[in-house]
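Let me begin by presenting the structure, written as C-alpha cells, before commenting on it.
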2 protein chains.
Amino acid sequence: MQSLRVKLGQRSYAIHMGSGILGDPSLLAPAIGKGPVAIVTDTNVGPLYLKALQNTLKSLHKDALVITLPAGEESKTLDHVQSITGELLKAGYGRDCTLFALGGGVVGDITGFAAAVYQRGVACIQIPTTLLAMVDSSVGGKTGVNHPLGKNMIGAFYQPRCVIADTDTLDSLPEREFRSGLAEVIKYGLINDLSFFSWLEDHLDSVLARDSEALEKIIKTSCKDKAEVVARDELEGGLRAILNFGHTFGHAIEAASGYGHYLHGEAVAIGMVMAADLSRRLDLLRESEQNRIYKLIKAAGLPTLAPRLEISTYLDFMKVDKKAEAGQIRFILLNSIGSALITGDVPPAAITQTLQAFMERSA
Amino acid sequence: MQSLRVKLGQRSYAIHMGSGILGDPSLLAPAIGKGPVAIVTDTNVGPLYLKALQNTLKSLHKDALVITLPAGEESKTLDHVQSITGELLKAGYGRDCTLFALGGGVVGDITGFAAAVYQRGVACIQIPTTLLAMVDSSVGGKTGVNHPLGKNMIGAFYQPRCVIADTDTLDSLPEREFRSGLAEVIKYGLINDLSFFSWLEDHLDSVLARDSEALEKIIKTSCKDKAEVVARDELEGGLRAILNFGHTFGHAIEAASGYGHYLHGEAVAIGMVMAADLSRRLDLLRESEQNRIYKLIKAAGLPTLAPRLEISTYLDFMKVDKKAEAGQIRFILLNSIGSALITGDVPPAAITQTLQAFMERSA
C-alpha cells in the first residue's frame, strides 16, 4: 500500500492506494468521528463491495446505514440529494456523522455534495471503485450534481477526510469504463508531465492488461500530479483550470448528445483531440506532437471523432461552461506535451475551424 | 450611515447600515465583479424596493436579471434552488456573476445558498429588508433551505461580499414581523450583553414606535454582537452555538406545528422563555432574572406560551436539531442575563419538567 498526502492546511487529507485495503480498519479508524456512519453506493457497486466495507466498519463497532442509488449519471440530481439527506434525517443522524461514498464518480460527486450541505457540512470518506474516480473525481474536493441545463452546475468544493483506492475493485470494471478512466490518466501527462506521457506510450500494453504494477503506477502518478495542482489552487482561481484540458469541448459533447451517450472519459478523449487540433491551428503545438496525442488516445481504445452536431450547438454549450467569463469561452491549450496554458483569447474563427474539421471527419 | 466589518480573513466583509443607502451606488461598486448581476426577491418585497435597486445598478451600467420567488417559507426548498440556478444558466451567467438577495430571511437564505452552490460558488450581496434578516440571517454566512423533514437541514456556510441594511425598508414591515425580529434582538442581550438587555428594558417604547435612532441602535448592537461571535467561530465549532439560544425548543415548535404557523422569531421567543425556565430548574438562572426575561419578551408583544403537543413530539423534533451529537440534545442555557453556556449534559427529567410545565400553561 502507498499513501499520498494532499496538503490543504486544516483540510489536508490522505489518499491510500493498494490491493485489498478496503478490508483494513486501521485506515478508516482515524478518519471516522464519534458519530454514526452511512454508506452511499449504487445498484452496480453495492452487490460487489458493500459487504466488505460493512464488515470493516463492524470491526470498528459501526453499524452503517446503507443508501443505494440507481446506477448511472441520471442519479446525480438535487432530487437525490434530497432523498439522501432525508434518509439521514429519518435515522436521526446529526452533524457528527460520516458519509462513505462507495462507487464511481457519480456516487462520489453526489455523496461529497450531500456531505457538504447536510446540516451545513459533515465528514465524508471517498472509496472510489472506478479508475476514473480514483484518478480524478475523488481527488481535489470537487463535488456536485447536474442541472437539467448543464453538467456539474450545482456543487461545492468540499474535501474528504480520506480517500481509499482499493485497486482490487478495478477487477470488476467493464472494459469501456476502464478505458474511459485512461482518458484522464493521459490528460495528466499532457498538461503537466511529459515523462509520464512517454511512459504511457511505452507501457500501454501492460496498462490495458491491467497489470497490477502498471495500475499502481498510473493511479499514483495521476493522483500526485492532480494533488500538486490542487494544493496550489484549491478553489480554482487560476492554475487548477488546466485540469479541465479537453473538458470545454468534452462537456459540450456530453451535454449536446445527452448525458450517458458518451462516458465522461470518452467525451474528454474526443475533447483532448479537439483541443490539440485547436492548439496546433494557433501555432502553439507542433503537428508531430498532435499526432502523438492522437495515436495514444486511439491506441487506448478511446473515441477520437466528435458527434455530428450543428456548430452553433457546440458553441452554445461551450458558453455555459463554468470556465467562461463574461460570455467568453476559456480554453486550456497545449504549448507542448506536458505544458498547458489557459486562455480566453482564442479567435472565434479558429474555434469554428476546429469544429468544422471534426464535423467533416465525422460524416 | 454606519459600517461594521466582519473579520474573517480573506472572507471579511462590510455591513452598511443607514437610511436610504439602497440608492447609493458607491457602496455596491466595490463589491460587484466584472460579470453580470441577478436580483433574487419575492412577491412581497419586489414591488416595494426592486425598482430602487435596479436604478442603483443601472447607474453602475448593470442590467439585472430579476428572479422573483413566491413570498413565504414554502419557497425555501431545493426545488427553488434548481429554478434559480436554471434562470442563471438560461441567461448564460458564468462564475463571475453576482447575486443580490433582496428580501427577508427566506430570500437571504436561499439566495446565499444558491450563490454558494451555483458553479461551486459565485458572489452574493445581501440586502435584508426585515428586522430579523438585518440582525440575524444576513450576518454570519449561514445559508440554506428546508428539508421536508427539518428546517435548514440543507445548507452551507457562505459569506456575502457585503450587506446593505437600509433602515427605510423597515417602514413597510408588518407589525407582527417587526416584533418577531425583536426576539433575536433580545437574544443578543440575553446571551452576551447585559447592558444591551437593560437598554432594551428602558427603551422598549421607542423601539416599538420604530424611532429611527432606536432602530439604528438595535441593528448596530445586534450585528456587532453577532459579528464578534461569528468572527471567533466561523464554522460553528463551539462558541457560535450560543447564537442558537431559544432555537432548540424554537425549531421543534416551528417544525411540529408546521412551518409558517409561527414566525421564526415568535418560535424563538417561546423557545427563549422555555430555555430560561430550564436554566432556572437547573439552578443556573435566578428566578428574578427569569421573570425579567419573561417580562421583556411579553412586553415586546411576543408569544410566551408553547403550542400544546405531545411531549414525545417535542423530544423527537429536538433530537434532529443540528446541535445534537450522537443523539444527545445540546442546549444553550443561561448562567445569568448576558452569559450563556452550551451543554449536552441536561438531565432528561428536567427537560420533561419544562415541557410539562408549558403544556399545563398552554391548556
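Using N, Cα and C of the backbone, Cβ positions are placed for all residues, glycine too.
Here is what TrEMBL records for this protein:
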type: BINDING; residues: B:G105, B:V106, B:V107, B:G108, B:D109, B:T129, B:T130, B:K142, B:K151; note: NAD(+) binding site
type: BINDING; residues: B:E184, B:H247, B:H264; note: Zn(2+) binding site
type: DOMAIN; residues: B:67-179; note: domain '3-dehydroquinate synthase N-terminal'
type: DOMAIN; residues: B:181-324; note: domain '3-dehydroquinate synthase C-terminal'
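Features recorded in TrEMBL, as mapped to the structure shown.
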| residue | record | Cβ contacts under 8 Å, 6 or more apart |
| --- | --- | --- |
| B:G105 | NAD(+) binding site | B:P128, B:T130, B:L132, B:A133, B:D136, B:S137, B:H264 |
| B:V107 | NAD(+) binding site | B:V40, B:T41, B:D42, B:V45, B:L69, B:A101, B:A133 |
| B:D109 | NAD(+) binding site | B:K76, B:S137, B:K142, B:T143, B:G144, B:V145, B:N152, B:G155 |
| B:E184 | Zn(2+) binding site | B:L132, B:V135, B:D136, B:S222, B:G265, B:V268 |
Fill in the CA-CA distance, B:H247 (Zn(2+) binding site) to B:K151 (NAD(+) binding site), as an integer in Å.
11
DSSP on B:H264 (Zn(2+) binding site), three-state: which is it?
helix
Recorded NAD(+) binding residues, B:G105, B:V106, B:V107, B:G108, B:D109, B:T129, B:T130, B:K142, B:K151 - maximal Cα separation rounded to whole Å:
21
Please report the number of other Cβ atoms within 10 Å of the Cβ of B:K151 (NAD(+) binding site).
23
Chain-mates of B:E184, B:H247, B:H264 with C-beta within 8 Å of site centroid, Zn(2+):
B:L132, B:D136, B:A183, B:K187, B:G246, B:G250, B:G265, B:A267, B:V268, B:G271
Give the number of CB atoms, excluding that of B:T130 (NAD(+) binding site) itself, located within 10 Å of its CB.
29
B:K151 (NAD(+) binding site) in three-state DSSP notation:
strand
When DSSP is mapped onto helix/strand/coil, what comes out for B:G105 (NAD(+) binding site)?
helix
